[in-house]
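Taken verbatim from TrEMBL:
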DOMAIN    1-91  domain 'Cytochrome oxidase subunit II transmembrane region profile'
DOMAIN    92-225  domain 'Cytochrome oxidase subunit II copper A binding'
TRANSMEM  27-46  transmembrane segment
TRANSMEM  66-85  transmembrane segment
Amino acid sequence: MAYPFQMGLQDATSPIMEELLHFHDHTLMIVFLISSLVLYIISLMLTTKLTHTSTMDAQEVETVWTILPAIILILIALPSLRILYMMDEINNPSLTVKTMGHQWYWSYEYTDYEDLNFDSYMVPTQELKPGELRLLEVDNRVVLPMEMTIRMLISSEDVLHSWAVPSLGLKTDAIPGRLNQTTLMAMRPGLYYGQCSEICGSNHSFMPIVLELVPLSHFEKWSASML
């Protein structure tokens, strides 16, 4: 969960989000080093009156500043492609949940059960209980088992939506007439909040997502109570 004045990303809960955080730090360090080098060179050019003409016209310098950026781009591209392929892998999911975006709420269907489906609306501000978060609480949370691979099938009934949960590293577009899929696996229990990340209409900011990750035994009890 994000907190006020937070500058960085949310804490990772899934292996994919951990990889994304490492990639973010890796890329940020490269950007920091490049920025420092450029700033140092600019400061030298502004503070010295000497010019080394043989260095400015050297073929070796042009070779270095052509090859060095290519190497830096490769160092950024390789881990990026690795994570991209990891996010697309579907490894024998233990549970499949289908979510449909509507104006302006989400509906969920547990496809491994016969009649386990519900709609998830945002709780109005005047109905919030003490401790609940404004604009993020819903009347029906998505309860899922932790430490298990779960496949999410995502689509939309009307306009473009986007199903996103930052702490799990998830963001998948919900497109009418198209069924997108993504996987999630949480390593610890808890409540994980997200929102529609597509500008889908006037009430776009009022269709939050709440995942409740629980141990498998608690999930079995919850599913039995819902049927």
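Glycine is no exception: its Cβ is also placed from the backbone N, Cα and C atoms.
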Within-chain partners of the transmembrane segment (27-46) [C-beta distance under 8 Å, separation at least 6 from its ends]:
72, 75-76
Work out, from DSSP, the number of helix, strand and coil residues along the domain 'Cytochrome oxidase subunit II transmembrane region profile' (1-91).
67 helix, 0 strand, 24 coil
